[in-house]
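What Swiss-Prot records for A33, A34, A35, G36, S37, G38, K39, T40 is ATP binding site. Annotation comment: Swiss-Prot describes 12-482 as domain 'UvrD-like helicase ATP-binding', evidence class sequence analysis. Among the features that Swiss-Prot reports, domain 'UvrD-like helicase C-terminal' is placed at 509-800.
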Amino acid sequence: MSLNIPPKPEESLWTDDQWKAIQAKGNNVLVAAAAGSGKTAVLVTRIIEKLIDESANLNVDELLIVTFTNASAAEMKFRIGKGLEEALGQNPDSAHLKRQVALLNYASISTLHSFCLEIIRKYYFEADIDPSFRLIEPIESSMIRDEVLEGLLEQEYGIENNEAFFHLVESFTGDRSDAELHSLISKLYDFSRANPDPNAWLEAMVNFYNTEEITSITELPYFPIIKEDIELRVNQAKNYLLNAINYANENNGPAPYLATLENDLVQIQALSELNWSSWTHLKTSIENIDFKRIPTLKNKSDYDEVYVEEAKKFRDAAKKEMKNIATDWFSREEVNCLSDLEKMKPDIQTLSELVKKFSANFFEEKQQRGVLDFNDLEHLALKILLNDDKASEVAQNYQKQFKEVLIDEYQDTNMVQETILRLVTNPSEAQGNLFMVGDVKQSIYRFRLAEPTLFMTKYQTFQQDGSGNGIRIDLSQNFRSRKEVLDATNFIFRQLMDKHIAEIDYDTAAELTLGANFPETNAMETELLLIDMKTEDTETEDELSPQELQKNQVESRAIAMKIREMIDNKFPIYDKKLKQNRPIQYRDIIILSRAMTSAPDMEEAMKVQDIPFYANNNSGYFETTEVATMIALMKVVDNPYQDIPLAAVLRSPIIGLNEEELGQIRMAKKKGYFYDALLTYKDITVSETANKISDFVQQLNNWRELSIRENLTSLIWQIYQETNFYEFVGGLPGGKQRQANLRALYDRANQYEKTSFRGLFRFVRFVERLEIRGDDLGTAKTLGEKEDVVRMMTIHASKGLEFPVVIVSGLSRKFNMRDIYSKTLLDKDYGFASSYRDVEKMIVYPTIMQQAIKQKKSREMIAEEMRVLYVALTRAEEKLILVATVPDFEKTSKNWLQVAKEKETILPAATRAKAKCYLDWIGNATIRHPAFKELLCEEIIQTLATEMKLQIEIKTKEMFLTNELERAESDNWLENIKEHQPVPIQSPYKDEIQRYMEYEYQNEAATEIRAKQSVTELKRQFSLQDSWSDTTLLKEFQKVSLDRPKFLQKNKLSATEIGTAMHTLMQAVSLDYKPTKEDLEQLLHTMREKDILTDVQIKAINIKQILDFFESPLGETMLQKKDLVKREVPFSYLLPVSELYEKVDLDERVLIQGVVDSMIEEEETITLIDYKTDKIEGRYADWNAAEKVMKERYHIQIKLYAEAIQAISGKKVAAAYLYFFDGQHICQINTKEGL
């Protein structure tokens, strides 16, 4: 069809494509608007042009304009009003324009939720709801939801013979609570609501488990996902082998490897001819691949060591890839994979019915309370607009009313919203009146169940000439950014985005082209700052690796120093209003990050550089001292019999007791509640402390009475006034922010009391629920938009904004894979997937469906993260700075060099799909930039043609660990001495300080001995003593080392963490029979499903070493005497101090605590066995040398174990052994020798 676009006026500043978007009509229109392409201006102009054209006979209330946020809707209405006023100014007698200005306030310019609310208020009777309903906030909705769900589960538990429900509980919950089931129902409810018919989606979810008529996995609806994954990984294995062959073919390369490598490649290439219709054939083909032993090189000096190692490395990578394919997809027989799904069907059916019951109960409860939540709006509007799957009379009226429906940010629409929009637009394809604007490259709200495929489907079916289902118009000119920013973005994303991985091709239509005019200025090149965090590896079992936190600190300092440098050097920024350059200001700079976890470190780094800073953080509110103190006080007012909140209040500035006074109170009544001790102390003691307590108790009683009589806000304000706490925090550092936080607490209590919940008790429970669920409210905002500060925000928060200088931080932060590795997976196409739990055998298996959905979700996550990175880079107007830490730049750059020989512009699919962080993409893309080739001096790099200007800096972490300003400030006294200037040392407190400093405690030795010590700590202490000296006290205790939480245990675990993982597995291994490799692999899988071990821990476990143990004499003895074996035996034992420290003459005892790995307890004797994961092989000349060191290292530990177990059990410890997994070494310890 012809587009009938009127000619563009010669004086028009619009581009041809923009003009086309403004004028196109006669069919549905999709405008694919790239970042900074002026889409909002185009949308507003299109609307105004239609309204001022009197021949079009269009009124503003005949348009439906849908925006993504309320702020966008308000801006849209303002800009349309301004345009109409300008048109009226040029034609003041126009009755039509006067009518449009009058009608503007009645026009449907809003978010889709607001439009749905308008439908419901107007047609409430069609939905059978009370017209006086109140719209509630998400927090109140979640409180009602929790109550309803708890009630539903309680009801189900009370039904007799409810076998299906109890089987579901057993299959999907832990041993201690039904919290997992609670969470699962809630997640399924939310997920189902993104579908136009939630109940139909839940029923379809069950059908995916009906495999009675399916004879092969290849017939499963999600088999294409499996096929795609296998093909991708096979192709990656092939690429690994090609790289290995390339190294073998190099001069001085390991040519003898070629025959073996080429044979490997032939086998892999043969897989491209696979028979995909037969799962059995697939399984056999994969499992029959035979990697022959690689030949031994004679005369190794003839070969380049680097080429040899690289060839081996790539071949090993190919072998590992093929092994992973076999493990992930073919570890179970086909018939078992299908039967697992059929066995799960009853549970899924029960789960589906339970979610439907909850949905009905939840809505009924809201109806009884006269409330609706945001989720209800779309579905109730849909109910009004639909009648037997067709447009209702109401919908048809809207179709007649709206001459055009315009949607902004269309890429973030979900299926429910799409259905609503379809029902209010012209149903005729030939006369479509839907105008959609968006950019699928900026679709970053999949976590809100946005569906970018809706945009992509239209993008692929609509044609630029209008001949398809609609008209497609591409806006690729960018009017926001300098050429340097656009070149950098294009260079990176040409290599990253395609339909296969990113769900869209980054072709010439998608590329950004220059539309803005900036004066030429130097130093605007994109900067890539990489901070090398390389540290020496530690191997001993008891040492901890450096904390992950240091990365954030170093990166934050680097960014702060960069900003300080730009400010001091008056970095030039082009001012569009002044139309000239000016020196950079703090407000010109934004720091973007995927998450705000580094915000505290960033704030600290900015303080050191004296940079005003503001982090747009939505967390940390409840952790602030002033809010935590007030919450504790409110808990005590609600119920004083809560020891921890009461102690917090007493210790706080509100009461001001110290630790000694708290101890005295506890001694007044050693057992029972602390509040009873408080009352007892008050009654039996005459002191200043007792007076404080008496005043507090009286005050507390008054507040408790007030909480019953008055509302919550009155109570809070009364506390502020009576305690002067509000004024007190105002005098502390950051007082303005602290007072804002207390005002926010008052305001939030006021909001809470407007809900259907009331009273102090419920408010306290409400706050506790928020804290448990991690729904922090964020600290109160004290800065305005125009404050001259450096800002930090998430990439999501920055969408739609623009800044002169953008610093993208945290690029090496790992992607959040939590949802993908969750026990249960939800998918819009295939419903629900999880492992199969055999309730009788207590065994957990991954299902074929779970594996497939996991791969699908992983691909979707990768595509989403790629789009998030695109949003980050396109926020910059003039300068883009990319900052990241790397664990070891030399090793990291070698990994990037693997793609340096690629001649195709697009990076290999596996390289992009396996990325773990943004730096994986940026590094692999920029390695082919001429700047990197020059930096690394690597001839193998195949650079890509580009105009991108890139400055690369590699810095070491040591450059940022000591701040120069801090050091200079601390050295001022030394400068005074050098210059013969006086250094003030006189003080009125000098004599008092000297008296304290010279005081000697008579029993000082006791202060250096802990009342409680672990055996491991004692072992460390003694191992630090000189071997020839007498036993002496250590003057410093070892720093307490806490286990890193699982989410901080990255790819490389510390030696301690590896030891913990090995011990955990040894504790769980069955002794009923000698375990096989398959037994251990299945056990590890079960432990992962139960969150006992993580994937990283499991990869660190050496299964062969465990199997070797059970081949050893100790292992065989344990199997033979399995009924006598006890594992992980904890003990506590009081030991005289003099036995530990010979030079200390004290009549004191120390509590020794420890855990024995294993012991065999017979009738009269006990044998101790302790496992060790110390590195032996390759570290010592032989076992004799190692044994001597190990006996010295662990003698104290085993001696104390033996003494404690002997004293506690009354049985003699006949023998004690150390077993070293590395090398299968057994070492007997003589426990009769002294300490």
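Heads up, the Cβ atoms here are built off N, Cα and C, so glycines get one too.
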Original post:
In the structure shown, which of the binding-site residues A33, A34, A35 has the fewest Cβ neighbours within 10 Å?
Top reply: A35
Original post:
According to DSSP, does A33 (ATP binding site) fall in a helix, a strand, or coil?
Top reply: strand
Subject >> Model confidence over the domain 'UvrD-like helicase C-terminal' (509-800) (mean pLDDT, whole number) >> reply: 85
**OP:** Any same-chain residues 6+ apart from T40 (ATP binding site) with CB under 8 Å of its CB? Would you list them in sequence order, or say none?
**Re:** E75, M76, R79, D408
Subject >> Three-state secondary structure, G38 (ATP binding site) (per DSSP) >> reply: coil
**OP:** Report the member of G36, S37, G38, K39 (the binding-site residues) whose C-beta atom has the most other C-beta atoms within 10 angstroms.
**Re:** S37
**OP:** Determine, for the ATP site, the additional residues of the same chain whose CB lies within 8 Å of the mean position of the CB atoms of A33, A34, A35, G36, S37, G38, K39, T40; present them in sequence order.
**Re:** V42, D439, L475, N478, F479, R480
